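Chemist: What Swiss-Prot records for ARG36, LYS223, GLY251, ASP252, THR284 is substrate binding site. Marked as K(+) binding site by Swiss-Prot: ASN38, SER40, ASP70. Residues or ranges marked as ATP binding site in Swiss-Prot: ASN38, PHE39, SER40, HIS41, ARG77, LYS160. Residues or ranges marked as Mg(2+) binding site in Swiss-Prot: GLU225, ASP252. Look at Swiss-Prot and you will find LYS351 tagged as N6-acetyllysine, backed by experimental evidence. Taken from Swiss-Prot, the feature site 'Transition state stabilizer' covers LYS223.
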Amino acid sequence: MSRRLRRTKIVTTLGPATDRDNNLEKVIAAGANVVRMNFSHGSPEDHKMRADKVREIAAKLGRHVAILGDLQGPKIRVSTFKEGKVFLNIGDKFLLDANLGKGEGDKEKVGIDYKGLPADVVPGDILLLDDGRVQLKVLEVQGMKVFTEVTVGGPLSNNKGINKLGGGLSAEALTEKDKADIKTAALIGVDYLAVSFPRCGEDLNYARRLARDAGCDAKIVAKVERAEAVCSQDAMDDIILASDVVMVARGDLGVEIGDPELVGIQKALIRRARQLNRAVITATQMMESMITNPMPTRAEVMDVANAVLDGTDAVMLSAETAAGQYPSETVAAMARVCLGAEKIPSINVSKHRLDVQFDNVEEAIAMSAMYAANHLKGVTAIITMTESGRTALMTSRISSGLPIFAMSRHERTLNLTALYRGVTPVHFDSANDGVAAASEAVNLLRDKGYLMSGDLVIVTQGDVMSTVGSTNTTRILTVE
């Protein structure tokens, strides 16, 4: 190998900050592999314009950048106050009234956007407002009114979120707005579609059906942010198996299950998703201080590094790039931390699933290739010649310090593999098949500077290049 590649990928959120001063190009140049469009904000026209710009810049820079559309999900929030904000003291009585109109809130009461809240709570439940900064204990429920007492005081302003400690709010995962946004996602041609607040696998299956009906074949991302989704191993598996990608959305999830539980859940989700051949994104407040500061805190550095050590495919930036003062600097800082963490030898130790039966020939080839790569002295890279990107995903589920090159003629496949840990997408097309095509691919990587003469590489491919799911061959070649 002639160059060192970052294995952990970076997801960046688009917003006003990336719209100005050529920041979008700077962010992609700094190392963004996936861009996230938050459908909570902006019009369909805004999203289409940003997507077009991303593709234009990616082509200009010779990069493959995936586009992730993030559905808003149910709005479980307080309504608005007359003065815009109140301060609640410990011991205050406070009413949540589903019948109260917007702008009528005060120090004693406020409306709620989610009209099903009174049916979801009972006396003794703890409600967490504004990510837990204000906490209320339910005293009584009368019709559409929830009477509470303040147990943790503080300021409360318009439209702050409501969570229930331990989960249990029954709001549907997909709203009418989400269904409209799925059509926008289809129009844009997003590579990934994130579903907010799924309660179970069926929520994700429903989203997938709606997406297909709209003409959107994006991979489905499960944003794990409800306590119900992680309350047991079966619940966790149900969500993971129904998705293509898992996002550890630590904000709402941490509020519902409590911060002490979050550490173990993050590690369990990442570990289990990799076992089940799913990709993983770790998100929320990873470099929050860089919204206003040019350097991350040491705690943020450790947080990103620990996610890398856990085995995450990608780490995500939200407000840091969408609305921060230093969007490209934040991406560059995160890239440096990832590279630093990837130097630690333990994360490259093979964890082969030798006790697990493989589901298909493709998986058997991917696992055997990685076993050979990790045990044959002198191997410098793995090359997957892929139509769908599936083999690249499965090879990347096995820990290794070796780069994996996903080589495909399909732009969408290359964009999808931009998310996968350790995978570098490279455009490749050939009229040849078999060993001739494999040699051609190896020579292309050598000419691009990824390989050097004398390198030993492992290639996976099918008998015919243009057939999806046909991977059935592993070759070991020496670069000429």
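All positions are counted from 1 along the displayed chain.
Glycine is treated like the rest: Cβ placed from N, Cα and C.
Surface or core, plus neighbours and distances: that's what I need for these features.
Modeler: Taking the Cβ of ARG36 (substrate binding site) as centre and 10 Å as the limit, one finds 28 other Cβ atoms among all the protein chains shown. According to its DSSP assignment, ARG36 (substrate binding site) is in a strand.
Other Cβ atoms within 10 Å of the Cβ of ASN38 (K(+) binding site), summed over all protein chains shown, number 19.
There are 17 other CB atoms within 10 A of the CB of LYS160 (ATP binding site), with all protein chains counted.
Counting every protein chain shown, the number of other Cβ atoms lying within 10 Å of the Cβ of GLU225 (Mg(2+) binding site) is 26.
Listed in sequence order, ASP70, GLY73, ALA194, VAL195, SER196, PHE197, PRO198, MET247, ALA249 are the same-chain residues at least 6 apart in sequence whose CB falls under 8 Å from the CB of LYS223 (substrate binding site).
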Chemist: Compare the Cα of ASN38 (K(+) binding site) against each of the binding-site residues ARG77, LYS160, GLU225, ASP252, THR284 and report the nearest.
Modeler: THR284
Chemist: In sequence order, what residues of the same chain, 6+ apart, have a Cβ less than 8 Å from the Cβ of GLY251 (substrate binding site)?
Modeler: ASP131, GLU225, ALA283, THR284, GLN285
Chemist: Expressed to the nearest Å, what is the distance separating PHE39 (ATP binding site) and ASP252 (substrate binding site) at their Cα atoms?
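Modeler: Between the Cα atoms of PHE39 (ATP binding site) and ASP252 (substrate binding site), the distance comes to 17 Å.
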Chemist: If you count the other Cβ atoms within 10 Å of each Cβ, which of the binding-site residues HIS41, ARG77 comes out on top?
Modeler: ARG77
Chemist: Hey, how far is ARG77 (ATP binding site) from ASP252 (substrate binding site), Cα to Cα, in Å?
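Modeler: Cα of ARG77 (ATP binding site) to Cα of ASP252 (substrate binding site) measures 12 Å after rounding.
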